[in-house]
Amino acid sequence: MVSDKELKKIEAGKTSLRKKCVEPVPYKAILTSVPVWGVWICCIGATFGYQIFVQYGPIYLNKVLEYEITNTGFMTAFPNVIAAVFKILGGPISDLATCISPKSRVKVFTAISQGVMALSFVCLALIPPSLKVLGQVAYTAAVAFSSLMWVGPVRSGAMVARQHAHFVLAIISFINSAGIIILPPIVSWIAPNNTASQWSILLFGICASVVICTIVFSFVGEADPAEWTKSNSSSQVPPTTLSETVQQRDGAISITVNENIDNDDNSGGDVERGGATDNTDKIDSTNVDSTKATNAETHRQMLI
């Protein structure tokens with residue numbers, strides 16, 4: 001068990017995470033934060049760029065690049081395997097890139113992720129169906145590099161919002177879900193017949209949205225905690241210095257010693273009072289015995 005004093009020393013200078021000290025989420029401050037909006041806007045472009053291949057990748061490979069139905073399954077799954085590897089390696093690489101500031105790191109990874117995706121869209125929109133291999137490479141690059149957005153805008157949102165990052169990430173999840181719903185009507189409207197020319201228009205449009213959203217983030221993206229993440233003084237445990245600790249210990253020792261002395265004095269007084277009482281009782285008993293003996297002797301002489 002940890003005592004209250006030990007818990008106080010452990011929490012010294014740290015934001016308290018106990019339930020009674022949890023801060024309310026500053027929704028107004030988050031919704032008016034420019035860096036947070038930069039994260040959300042960047043995620044809008046990234047969502048459309050990624051979901052177009054998640055939902056319509058097999059259709060594009062079959063109708064535009066003219067892959068056989070039996071091959072579209074593997075061709076669609078392979079880029080996601082590469083994306084998983086990129087996602088696993090992206091975090092450690094970002095942590096090891098200490099030669100640049102955290103703000104520059106999130107912007108560089110965002111530029112790489114969304115920039116490669118945009119170039120892949122341009123390549124897919126311009127190549128003829130006869131260049132299947134080049135189309136597959138561009139398709140794989142778009143899906144694989146899109147996974148790096150988690151060490152770009154998503155990480156920026158978590159670093160800016162700090163303990164309130166759950167709200168920022170919840171909005172990102174909402175954007176992703178909304179993109180899944182909004183994208184099918186757009187594809188049906190622009191590319192109803194799934195021709196190469198129609199898909200070129202669609203890919204150019206998504207490429208433009210990715211570029212615009214990335215540019216917005218490059219100007220307003222941050223990596224430092226916002227002002228509204230700083231805890232109130234009441235929710236922090238003040239640090240205890242060494243001198244204060246020594247004084248507290250000395251005070252505790254002095255109190256203990258004084259209490260022991262007082263207890264000893266009280267005990268000694270009780271013993272002395274007890275001894276005096278016993279002596280008094282003995283004296284009284286002796287006097288009574290002497291009186292009885294004198295009276296008995298007087299009565300005997302009178303009888304004689």
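Backbone N, Cα and C define each Cβ position, glycine as well.
What TrEMBL says about a protein is an automatic prediction, not a curated fact.
Quick look at what TrEMBL lists:
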| type | residues | note |
| --- | --- | --- |
| COMPBIAS | 270-284 | compositional bias 'Basic and acidic residues' |
| COMPBIAS | 285-296 | compositional bias 'Polar residues' |
| REGION | 259-304 | region 'Disordered' |
| TRANSMEM | 29-53 | transmembrane segment |
| TRANSMEM | 73-94 | transmembrane segment |
| TRANSMEM | 106-127 | transmembrane segment |
| TRANSMEM | 133-152 | transmembrane segment |
| TRANSMEM | 164-187 | transmembrane segment |
| TRANSMEM | 199-220 | transmembrane segment |
Remote residues contacting the transmembrane segment (106-127) - C-beta distance under 8 A, at least 6 residues beyond either end:
42, 45-46, 49-50, 60, 90, 94, 97, 100, 134-135, 138-139, 141-142, 145-149, 151-153, 155-156, 159, 199-200, 203-204, 206-207, 210-211, 213-214, 217-218, 221, 223
Which one of these stretches, 29-53, 133-152, 199-220, has the most C-beta pairs shorter than 8 Å to the transmembrane segment (164-187)?
29-53
Same-chain Cβ contacts of the transmembrane segment (133-152) under 8 Å, 6 or more residues past its ends?
42-43, 46, 49-50, 53, 57, 60-61, 64-65, 75, 78-80, 82-87, 90-91, 93-94, 105-107, 109-110, 112-114, 116-117, 119-121, 123-124, 127
State the non-local partners of the transmembrane segment (199-220) in its own chain: residues 6+ outside its ends, Cβ under 8 Å from one of its Cβ atoms.
34-35, 37-39, 41-46, 48-49, 52, 60, 63-64, 107, 110-111, 114-115, 117-118, 121-122, 124-126, 153, 156, 186-187, 190-191
